[in-house]
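Here the structure is laid out as C-alpha cells; the discussion comes afterwards.
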Amino acid sequence: MTTNYTLAAIVPAAGVGSRMQHSAPKQYICLAGKTILEHTLAKLAQLKQLTTIVVAVSDDDPYFATLEVIDQRIVRASGGKERADSVLNGLLALADNPPDWVLVHDAARPLVTLADIECLLSECISADEGGILASKVKDTIKRGATHSQQTVPRDNLWQALTPQLFKYHDLTQALQTALAQQVTITDEASAIEWANKPVKLVVGRSDNIKITTPEDLDLANFLLQKQHSENAL
Ligand SMILES: Nc1ccn([C@@H]2O[C@H](COP(=O)(O)OP(=O)(O)OP(=O)(O)O)[C@@H](O)[C@H]2O)c(=O)n1
Ligand SMILES: C[C@](O)(CO)[C@H](O)COP(=O)(O)O
C-alpha cells in the first residue's frame, strides 16, 4: 500500500497484569483460540501501510518467543518500568530509521476494529495533527474515595482508548522530556498535552476495551468470537 508518509506501530506488552490476578501476564491469556497479544498483533498486521510493529516486552518474558510469528514486520524491544517507559523504548528502537508517524496500541486491546484505526489515521494525517481514539463517557461520573463527593460534569468527558497516533519526533521528544521531569504519563496523549501540542479526539467504539480485570475476559472472549465469525462471512 503506497502512502506519502511512513507509519510504524508500537505495542506496549510488558505489563504484569496485576489487576487480572492471573498466573501469567494477561496479554498471554488465551481467548477465542489465541493469546490476547496474538489477537492484537494479527489485527495490526492487517494494516499494510505499517513498516514495523515494535512489541515492547519484558526482558525476562518467557512467552513472547513461543508465539507464532505472524508477521515479519514484528520486532522485539525491551519493556520498561511503566507503560510510558516501554513505549519510549519502542520509539528508540525505531531511531535508526524513524517513521513519520507512530501508532501506539495496547496489547491488552485486541478488540479494536480496523475501521476505527483507519478513521484515526485518516482524520489525524489529513489534519496533520496527532490524536487518539476515544469514547464519550456514557455513565454519570462520581469523584470520591468511599462516598461520592462530586458529580463530575459529563459534557466533553471522554475515555481515552488506543491506538494513539502521533508524529514520531513529537512523541519521542515529549515522552523523553516528560519522563525526565517525572511527569505522570498514563497515555501518549498526556505527554503531548504536557508539551502543549494538539491531541485530536476521534470517536472510537466503546467495545474497544482494555482487558484489565477478570470480569473483562468473558466479554472479550464473546466479542472476539463474534469478530472472528463476522470476518469469516
Ligand atoms: N511497564 C509496563 C506496563 C504496562 N504495559 C502495557 O501497557 C498496556 C496497558 O497497561 P495495563 O492495562 O495497565 O497493563 P498492566 O500494567 O499489565 O496491568 P496492571 O496495571 O493491572 O498490572 C498493556 O498492554 C501492558 O502490557 C507495558 O508495556 N509496560
Ligand atoms: C493508554 C490507556 O489504555 C488509555 O486509556 C490507559 O491510559 C492505560 O492505562 P494503564 O493503567 O496502563 O492500563
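A Cβ is built for glycine as well, from the same backbone N, Cα and C atoms used for every other residue.
Since this is a predicted model, take the numbers as computed values, not measurements.
Annotated features in TrEMBL:
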SITE      ARG19  site 'Transition state stabilizer'
SITE      LYS26  site 'Transition state stabilizer'
SITE      ARG154  site 'Positions MEP for the nucleophilic attack'
SITE      LYS210  site 'Positions MEP for the nucleophilic attack'
Quiz item: Where the criterion is a Cβ under 6 Å from an atom of ligand 2, which of the recorded sites ARG19, ARG154, LYS210 meet it?
Solution: LYS210
Self-check item: Neighbour count (Cβ, 10 Å) for ARG19 (site 'Transition state stabilizer')
Solution: 13
Practice problem: Based on DSSP, name the secondary structure state of LYS210 (site 'Positions MEP for the nucleophilic attack'): helix, strand or coil. | Solution: coil
Quiz item: Rounded to an integer, what is the Cα-Cα distance in Å between ARG19 (site 'Transition state stabilizer') and ARG154 (site 'Positions MEP for the nucleophilic attack')?
Solution: 27
Exercise. From the recorded sites listed here (ARG19, ARG154, LYS210), select those whose CB sits under 6 A from an atom of ligand 1.
Key: ARG19, LYS210
Practice problem: Please report the number of other Cβ atoms within 10 Å of the Cβ of ARG154 (site 'Positions MEP for the nucleophilic attack'). | Solution: 12
Quiz item: What's the CA to CA span in angstrom from LYS26 (site 'Transition state stabilizer') over to LYS210 (site 'Positions MEP for the nucleophilic attack')?
Solution: 11
Practice problem: Work out how many Å separate LYS210 (site 'Positions MEP for the nucleophilic attack') and ARG154 (site 'Positions MEP for the nucleophilic attack') at their Cα atoms, rounded off. | Solution: 21
Quiz item: Looking at the recorded sites LYS26, LYS210, which sits with the largest number of other Cβ atoms within 10 Å of its Cβ?
Solution: LYS26
